Amino acid sequence: MTNNLLIKAENVGIQFGGLKAVQNVNMYLNKGELIGLIGPNGAGKTTTFNMLTGVYQPTEGAITFDGKKINGLKPYQVTKLGISRTFQNIRLFKDLSVLDNVKVANHNLAKHSIVSSIFRLPSHFSGEKKMEEESLAFLKIFGLDVYKDELAKNLPYGMQRRLEIARALAANPKLLLLDEPAAGMNPQETHDLMELIAFIRKEFGLTILLIEHDMHLVMGICERIYVLDHGQLIADGTPTEIRNNPKVIEAYLGEEVVD
Amino acid sequence: MKKSKSFWGYCLLALVIYAVVQLSISMQLLDLYYQNMLITMCINIMLAVSLHIVIGITGQFSIGHAGFLAVGAYLSAVATMKLGLPFPIAILIGAVVAALAGLLVGIPTLRLKGDYLAIATLGFAEIIRIVFLNVDYVGGAAGMVVNHMSTWTYAFIGVVITILVISNFTNSRHGRGCIAIREDEIAADAMGINTTYYKVIAFAIGSFFAGLAGAIYAHNFYIIQPTTFGFLKSFDILIYVVLGGLGSLSGSVLAAILLTVVSTYLANFPETRMIIYSLVLIIVMLYRPTGLMGTKEITDLFKIGKKGGSKA
């Protein structure tokens, strides 16, 4: 199991002033797994994501990714190591074209320096060409290549969500964190998205951690599920175990009335 | 291939502009008044474009650009007047030292955002000005006498290099990284862009060309004084960039040309000069709230339906 381990969080917690937003979170993901992270609103799911990606620095605990300790690293360093993410409230580069959005994430693929770009040396052209081809390939997978010259802000909502995943994928991650990828989508779009996630996971050998409120989606594709409530993990297990876990039911629906 | 074709097109255009003006100068069709206006125009274009990379591309609201202009002006003046170095080397010294000053100012201040960054850069520019004001070696408040060495040729080459370098930088993975920071810093960071690094680099490149403009400026006006480089000068440069449209290189060039012409002609009406100048600004901003060009480049107008045009 140990050599298969990709990321491990031990006793991770964060405190904002006097508020303990998240505490004592222990979770691990093996290579190739698709894991769900669920919980009621305000449970600390996105905060956990932010700690895993370096946006927030955990005030306690340790996170190891691929054998390296990653707490204390800046987000771009974490991304370079191989963790990439999408955002709950879409954060595309709105005034850039769809293609350029993906190219930005492809940044570290080509290595040409600033000097070679300014003087337009051959390495600039070969590097830019490589980035362009790679980015177009990603757009094609997501069916976005027809929109490549469109500004990101002009895309329909569902396409923007897809573009966010395409962009996250272009950063060449080993672990992909998806923050509510199906939010605001209709059942048909959600269904397509599920298939797409399953496809990219196989195609790129990804490990995926997914925050989602759509229980149908979560139960349908996740192998294991972590449940957060009030900043603490209250359960983890297979979808069936989670569905029957009294603590989870309590967190979502409130306590059972006993008379 | 198409790209390199348009690149040579721009080179040809630049050559034609240069040749026409140079010919008119040598045939004495343009008197000193107009020559001077053209050089001033070139200096303003360089300043506008060098601030464009900081504000328009990287989205860092710096209002201390005159500080780097001052560094370039004084350092190059010291190089020619005190050390007796040739003018081209003096220009280079001015630009490089300004870039170093940009690094020095940028590293601590670029952690700040928005209004705080604006105040901090303004403060640093004032510090730079006060330093020159108190150093007797460069004449203190009385200023420093500088020989007239700037010619149309120097100014024009300066403009071409500035535009070429900054547009080449913008249309590369590095420039895209900077634009990503402008659009959404958190997302850029999450996509693997070292945001601090690129902010500082953009700032240093901007300072370099402000220094270059400063060197040509210093050798055009016979005298440089610390008062010239106050925050009003910074605002002048800021106006070019905003009026041209944040994010548009050709816009800032156009605005610099337009406002130089306007203010040169208005010099004939000293009483109403500032009123008319301000009115021009207000009217433009009322009718074009995103600036003359918005975020578009002038090249986009020629290829309708194709977005994100490139300059080189």
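A Cβ is built for glycine as well, from the same backbone N, Cα and C atoms used for every other residue.
Feature list (source: TrEMBL):
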TRANSMEM  B:7-27  transmembrane segment
TRANSMEM  B:33-55  transmembrane segment
TRANSMEM  B:62-81  transmembrane segment
TRANSMEM  B:87-107  transmembrane segment
TRANSMEM  B:114-132  transmembrane segment
TRANSMEM  B:152-170  transmembrane segment
TRANSMEM  B:197-217  transmembrane segment
TRANSMEM  B:237-262  transmembrane segment
TRANSMEM  B:274-290  transmembrane segment
Positions on the same chain near the transmembrane segment (B:114-132), where near means CB under 8 A and six or more residues out: 60-68, 70-71, 74, 101, 105, 108, 138, 226, 229-231, 234
Candidates B:33-55, B:62-81, B:87-107, B:197-217, B:274-290; stretch with most C-beta pairs under 8 Å toward the transmembrane segment (B:237-262): B:33-55
Test the contact criterion for the transmembrane segment (B:33-55) and the transmembrane segment (B:152-170): 3 or more CB pairs under 8 Å, pairs 6 or more apart in sequence, then answer yes or no. yes
Tertiary contacts of the transmembrane segment (B:87-107), defined by C-beta under 8 angstroms and 6+ residue spacing from its ends, are 64, 67-69, 71-77, 79-80, 121, 124, 128, 149, 154, 158, 199-200, 203-212, 214-216, 218-219
